[in-house]
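Record features, source TrEMBL:
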- Asp135: active site, proton donor (ACT_SITE)
- His30, Gly106, Phe107, Gly108, Gly109, Gly137, Gly157, Ser158: substrate binding site (BINDING)
- His30, Asp135: divalent metal cation binding site (BINDING)
Amino acid sequence: MHFVPNITFGHPVVESLRKQLGQDPFFDMHMMVSRPEQWVKPMAVAGANQYTFHLEATDNPGALIKDIRENGMKVGLAIKPGTSVEYLAPWANQIDMALVMTVEPGFGGQKFMEDMMPKVHWLRTQFPSLDIEVDGGVGPDTIHKCAEAGANMIVSGSAIMRSEDPRSVINLLRNVCSEAAQKRSLDR
């Protein structure tokens with residue numbers, strides 16, 4: 001497993017965006033770094049709302065969760081494709097969001113790994129109120145699988161950025177997730 005020692009969009013960028021955009025945007029920082037502990041305070045000070053770290057990148061998830069909370073942010077916990085969802089389960093009641101990576105972290109434009117959907121479904125079944133995010137290869141062709149499995153938060157890069165009409169892609173992704181969530185609540 002290899003996480004980078006540094007950050008692409010660090011706390012100076014977050015601080016600048018917060019100043020420009022005000023308090024409305026929700027900034028979820030997906031920290032694909034080798035020592036996520038070191039960036040908690042700078043990100044909090046810069047104005048991040050949620051700090052999402054990789055379970056594989058820390059020896060002490062409990063302490064890190066506590067530190068993120070004490071710094072006034074929500075907690076996201078990410079797992080790479082090779083990590084079992086049961087490894088995340090002990091922390092699920094202490095976090096705000098679970099992120100199931102549907103590609104190997106680090107490079108845009110990878111193919112969506114449909115075999116990650118059972119992880120999403122298992123988390124949704126075990127922890128019905130948890131926010132569950134998928135990141136990697138998500139777009140108009142794969143969104144239905146994500147939503148039906150139980151994802152209610154979506155990260156989509158290439159599918160939006162390479163589109164002729166980014167707004168319509170965003171609306172499609174949002175609507176598919178909303179409809180699936182409504183259906184789930186009716187089915188209970």
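From the backbone N, Cα and C atoms, a Cβ is placed for every residue, glycine too.
These figures come from a predicted structure and were not determined experimentally.
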- Task: Between the Cα atoms of the residue listed as 'active site, proton donor' and His30 (substrate binding site), find the distance and write it as a whole number of Å.
- Result: 10
- Message: Sequence gap of 6 or more, Cβ distance under 8 Å: name the residues on the same chain that satisfy this around Ser158 (substrate binding site), in order along the sequence.
- Response: Gly108, Gly109, Gly139
- Task: Give the maximum pairwise CA distance in Å, whole number, for the residues His30, Gly106, Phe107, Gly108, Gly109, Gly137, Gly157, Ser158 listed as binding substrate.
- Result: 17
- Item | Entry from the binding-site residues list Gly106, Gly108, Gly137 having the most other CB atoms no farther than 10 A | Gly137
